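Presented below is the structure to which this report refers.
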């Protein structure tokens, strides 16, 4: 829904510049026409781009370049998405905000009244979602004695991203000569849609895409999951690398799988290997300690008890000689 100012010019209507400024017809020839066209090009290119991670908060800037002070009783501020028309938030004098706001932005977008008095009409957007990848338009109008004049318009393109999980690689089928080996790589909960590559680590070359089958789909969170299946002829040695690329974050996440493993999850994880070793070592040490303790108890019980008679013997010998 596109909001309209009652009894004034609607948001989608632009009053001609020559009517607002009362410019004579001679202005549209020569230098005057050139300057007008130049100003139109500059206005059309006034677009900024902002990046945000899913679940984070972001500020979409809309600031008066002159940083003038404003009386809120004469201001009308609108933040909306143009195509399709979606009302994000707005400020109307003496009106309760949020009544006509789209349900997906209720309690997520707000304006600061104190900041608006200083010429800062920025949108504070909470809990960013993938669906917020949009162009947001800020329009500020000031009420004069006769009309509502637009004093500021900004377009902000929001690009949303989310990190993909570390790829998990598994292999199946026999690793015997003459048979085919199948690799599967899976990564979840990223945004936007990723690129996935398989790399031969022997020479760091990209593996032919004809040998792989990639499937990308949106999950219930609105994020992307990707799964890829790669089929290669058997080789005695030849590790492969699965690489998931997030273009928005300029990020590559990789995992390596060894060809000599037969089945199961072959993604190398040093921490997991260390934990498995500890799980085996601790019980063995406990058994050895218990066996040593039992042996010590048995030894103490079976050792013969002898009396110490040395001094008595010496005393007896002295008595006989006497």
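For all residues, glycine too, the Cβ spot is worked out from N, Cα and C.
Annotated in Swiss-Prot:
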{"type": "DOMAIN", "residues": "49-149", "note": "domain 'Ig-like V-type'"}
{"type": "CARBOHYD", "residues": "71", "note": "N-linked glycosylation site"}
{"type": "CARBOHYD", "residues": "120", "note": "N-linked glycosylation site"}
{"type": "CARBOHYD", "residues": "163", "note": "N-linked glycosylation site"}
{"type": "CARBOHYD", "residues": "200", "note": "N-linked glycosylation site"}
{"type": "CARBOHYD", "residues": "213", "note": "N-linked glycosylation site"}
{"type": "CARBOHYD", "residues": "252", "note": "N-linked glycosylation site"}
{"type": "CARBOHYD", "residues": "265", "note": "N-linked glycosylation site"}
{"type": "TRANSMEM", "residues": "278-298", "note": "transmembrane segment"}
{"type": "TOPO_DOM", "residues": "299-322", "note": "topological domain 'Cytoplasmic'"}
Taken over the domain 'Ig-like V-type' (49-149), the model's mean pLDDT: 92
Helix, strand and coil counts within the domain 'Ig-like V-type' (49-149) (DSSP): 14 helix, 39 strand, 48 coil
Cα-to-Cα gap, residue 120 (N-linked glycosylation site) vs residue 71 (N-linked glycosylation site), nearest whole Å: 13
Three-state secondary structure, residue 163 (N-linked glycosylation site) (per DSSP): coil
When distances run from the Cα of residue 252 (N-linked glycosylation site) to each of the glycosylation sites 71, 163, 200, the nearest one: 163
Close in space, distant in sequence - residue 213 (N-linked glycosylation site), Cβ under 8 Å, 6 or more apart: 228, 229
Least Cβ-crowded entry, counting other Cβ within 10 Å, from the glycosylation sites listed as 71, 120, 163, 252: 71
Cβ-Cβ neighbours of residue 200 (N-linked glycosylation site) (radius 10 Å): 16
